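Novice: Here it is, the structure, as C-alpha cells.
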C-alpha cells in the first residue's frame, strides 16, 4: 500500500475515533478568528538539554583591539576601555535565573515574560494567572510561564499522568479537530543521529518500536487511568494540517483529558509500532480561535 493511501486510511480512522468521543457539543456555532501577529524573528540558541535539537552557535566576531602602548609584551586592550578602570568581577554577573522557591510570591501577569519562573510547572491543571488563549513567541517563553516546561520534548511527564503536551506539527496521520485530537507518543528514534547527520534528534527517522515503557508514553497512559487534566499548547508548525493551530508562535489552549491509549503500526518505512493517544477538551473553557488558513489546505 502506498504511503498516501495508508495515511488517508489512518486519518479517516482517527477522525471516526474522535467523533465517537462526542466533540460536537464542545464546538461553538461561531468560531472566533485568531488575532494575527507579525512574524517574530527568533534568535537561535544552543539547546540546554541533551534531548534537545543542537543548534550551532554563530561564530564570535573578533573584537577590534587597539594597542595603547608601543612597549613590547604589553597586553592589548579594547579601544572602548582605554583610560577606564574596569571592575571585571562585577561584569561577570550574568544574571543567572534563580531556582524555583515556594517563598517567591510575586505573580506573573498574563502574557508577561520573566527570566525566572513564579510557579512550579510540575502541577496538574491551570497555572495561576495564565489564561486560556495566552500566546508566546517561543517554546522557551512557554517554559518560563510554567505552562509547558520542556523546550523541545512534546510531553512533560509526572507521577500521576502528564502535566502538559505541545502540539507542534506532529505525525502525518495525527488529526487535530481543536476540541479533540490524536497524538503520537515519543521514542523509537535514534537521538544520536548518524555519521553524516550527528545529533539529528527529533528529525531522525523512526528506527524501532515505541512502547509504554518510555516514561513520557507511560505518563500519558497513566493519564487515562487518573483522568488528571493535561495542559495543551499549540504551535504554528501544525497550521498546515489544522485550522486550530496559531499562525505564529505558541498558544495555551487549556485543559484536556486523555481518553484512550493504544499501540498501532506507525506511518513509517519500517512499519515500527507507535503509541497513540486520544484527547478531548474539558468543557467550560474559552473557544479556540481559528487561523485563516492562508495557502494551506486542511484535511476535511
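Along the chain as shown, the residues are counted starting at 1.
Backbone N, Cα and C atoms are what each Cβ position is placed from, and that goes for glycine too.
In case it helps, TrEMBL gives these features for our protein:
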type	residues	note
REGION	17-98	region 'Disordered'
COMPBIAS	28-37	compositional bias 'Basic and acidic residues'
COMPBIAS	38-47	compositional bias 'Basic residues'
COMPBIAS	57-74	compositional bias 'Basic and acidic residues'
COMPBIAS	86-96	compositional bias 'Basic and acidic residues'
DOMAIN	125-281	domain 'YDG'
REGION	191-213	region 'Disordered'
Novice: Going along the chain, which residues at least six beyond the ends of the compositional bias 'Basic and acidic residues' (28-37) come within the CB cut-off of under 8 Å?
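Specialist: Result: 135, 246-249, 287-292.
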Novice: Summarise the compositional bias 'Basic and acidic residues' (28-37) by DSSP state, stating how many residues are helix, strand and coil.
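Specialist: The compositional bias 'Basic and acidic residues' (28-37) comes out at 0 helix, 1 strand, 9 coil.
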